[in-house]
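S.K.: One structure is given below, represented as structure tokens, and several questions about it will come after.
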Amino acid sequence: MDHLKRQDEKVFAAIEAELGRQRSKIELIASENFVSEAVMEAQGSVLTNKYAEGYPGKRYYGGCEHVDVVEDIARDRVKEIFGAEHVNVQPHSGAQANMAVYFTILEHGDTVLGMNLSHGGHLTHGSPVNFSGVQYNFVEYGVDAETHRINYDDVLAKAKEHKPKLIVAGASAYPRVIDFKRFREIADEVGAYLMVDMAHIAGLVAAGLHPNPVPHAHFVTTTTHKTLRGPRGGMILCEEKFAKQIDKSIFPGIQGGPLMHVIAAKAVAFGEALQDDFKTYAQNIIHNAQRLAEGLQKEGLTLVSGGTDNHLILIDVRNLNITGKVAEHVLDEVGITVNKNTIPFETASPFVTSGVRIGTAAVTSRGFGLEEMDEIASIIAHTLKNHEDETALEEARKRVAVLTSKFPMYTDL
């Protein structure tokens, strides 16, 4: 980054500091990952200069012959990975992908059935502070009070009662396998569309390690980062009969020019996901998450649903007499990055919370394995149990430093 360093020392310094943070801390935020240098090179390419409103072969600008190739590569690779009939890779984010689906099939005030945010849903699944909850009449389903797993009988009962036009499946903090086939059966029974938001599990689906929602859903949305390990962005997969409507909802509906440099980075990441070693990577994500969950439970920590089937773990910290906010802060102080998170049947404010959400996608990309998961579980428990003991916290910092020093990253940057 010699040019940047010469041109803007302040921005360069901030980027260098962030690189140092990523190298020196253990990244356990479930929605984050470390992309390859190839993905970063594509995103930092000259494609950032090109306007390309429209779609390949139907642009509103000239000079799009090369970016057309890039977008076609991205779309074709997604179709190959997930078996989708139609793909739109232009959404700037998962939220905009969800918005486009809503705009395609819903009218203002239509009823939608979505997962309660504190039970594991997402802001765009009907939260009253989000456009989805403002524009549409969302009815919430959740998890069982004892098992913390989705109660499909309750979903069916609410679907029959409220007759939603759309049912939204998928979550941002649900550590168990979701039965998409059952969701489609429920949707068909009440005459609703089914949209699956697979943002968190897309990489696991790509590797064949989580049921694929594409055969069951009318629409599938996802981010392209998280377990898929691409750049930050979104995309939509749908049945061919909805292709024109979806494309119009993205452009000119809610977006203008696509970010062609990001789409190039998406294409590179999709190519990586088609390689044999990506399945090994995804398997390691799950193995690491399950080993970490076991270690946390051995240390006496309480996990929502009692464990995990995917990359994600939700810790209930109430029995430690601390809040999620305090847990996030003290773990960050020792070099472990997590996020505070609501838990099912939450009583605390979303700015405070009773839980912490962690995930293993990023540490797995870094090369951490089962032994490292045992050590991380021990450090987390040690830190949370001794969160006011500076001597204990200093010991935790040293243990984190030992771990991160064994797994250098981005050494060419």
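Placed from the backbone N, Cα and C atoms, the Cβ positions cover glycine too.
The (6S)-5,6,7,8-tetrahydrofolate binding site annotation in Swiss-Prot covers Leu117, Gly121, His122, Leu123, Glu239, Ser349, Pro350, Phe351. Swiss-Prot lists Lys226 with the feature N6-(pyridoxal phosphate)lysine. Annotation source Swiss-Prot lists site 'Plays an important role in substrate specificity' at His225.
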S.K.: Of all the recorded positions given, His225, Lys226, which residue's CB has the most CB neighbours within 10 A?
M.R.: Lys226
S.K.: Between Pro350 ((6S)-5,6,7,8-tetrahydrofolate binding site) and His225 (site 'Plays an important role in substrate specificity'), how far is it from one CA atom to the other, in Å?
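M.R.: With the alpha carbons as reference points, the distance is 24 Å.
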S.K.: Would you kindly give the Cα-Cα distance separating Lys226 (N6-(pyridoxal phosphate)lysine) and Leu123 ((6S)-5,6,7,8-tetrahydrofolate binding site), rounded to the nearest Å?
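M.R.: Pair distance, Cα basis, whole Å: 17 Å.
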S.K.: So what sits near Ser349 ((6S)-5,6,7,8-tetrahydrofolate binding site) in its own chain, CB-to-CB under 8 Å and at least six residues off in sequence?
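M.R.: Non-local contacts for Ser349 ((6S)-5,6,7,8-tetrahydrofolate binding site): none found.
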S.K.: Which one of the binding-site residues (Gly121, Pro350) has its C-beta surrounded by the most other C-beta atoms within 10 angstroms?
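M.R.: The most densely surrounded of these binding-site residues is Gly121.
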S.K.: Let me make sure I understand the structure: which of the binding-site residues listed (Leu117, His122, Leu123, Phe351) has the fewest other Cβ atoms within 10 A of its Cβ?
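M.R.: Result for the binding-site residues Leu117, His122, Leu123, Phe351: minimum number of other Cβ atoms within 10 Å at Phe351.
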S.K.: Give me the CA-CA distance between Phe351 ((6S)-5,6,7,8-tetrahydrofolate binding site) and Lys226 (N6-(pyridoxal phosphate)lysine), in Å, as a whole number.
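M.R.: One finds 23 Å between the Cα atoms of these residues.
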S.K.: What Cα-Cα separation, expressed in whole Å, is found between Gly121 ((6S)-5,6,7,8-tetrahydrofolate binding site) and Lys226 (N6-(pyridoxal phosphate)lysine)?
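M.R.: Rounded to a whole number, the Cα-Cα distance is 16 Å.
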S.K.: Please list residues from the chain of Glu239 ((6S)-5,6,7,8-tetrahydrofolate binding site) whose Cβ is under 8 angstroms from its Cβ, counting only those at least six apart in sequence.
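M.R.: Non-local contacts for Glu239 ((6S)-5,6,7,8-tetrahydrofolate binding site): Glu85, His86, His218, Phe219.
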S.K.: Can you give me the Cα-Cα distance between the residue listed as 'N6-(pyridoxal phosphate)lysine' and His122 ((6S)-5,6,7,8-tetrahydrofolate binding site) in Å, rounded to a whole number?
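M.R.: So the Cα of His122 ((6S)-5,6,7,8-tetrahydrofolate binding site) lies 15 Å away from that of the residue listed as 'N6-(pyridoxal phosphate)lysine'.
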S.K.: State the three-class DSSP label for Leu117 ((6S)-5,6,7,8-tetrahydrofolate binding site), counting H, G and I as helix, E and B as strand, and everything else as coil.
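M.R.: Its secondary structure by DSSP: helix.
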S.K.: Taking only the Cα atoms, work out how far His225 (site 'Plays an important role in substrate specificity') lies from His122 ((6S)-5,6,7,8-tetrahydrofolate binding site), in Å, as a whole number.
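M.R.: Given the Cα positions, His225 (site 'Plays an important role in substrate specificity') is 16 Å from His122 ((6S)-5,6,7,8-tetrahydrofolate binding site).
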S.K.: Over all pairs in Leu117, Gly121, His122, Leu123, Glu239, Ser349, Pro350, Phe351, the listed (6S)-5,6,7,8-tetrahydrofolate binding residues, work out the largest Cα-Cα distance in Å.
M.R.: 40
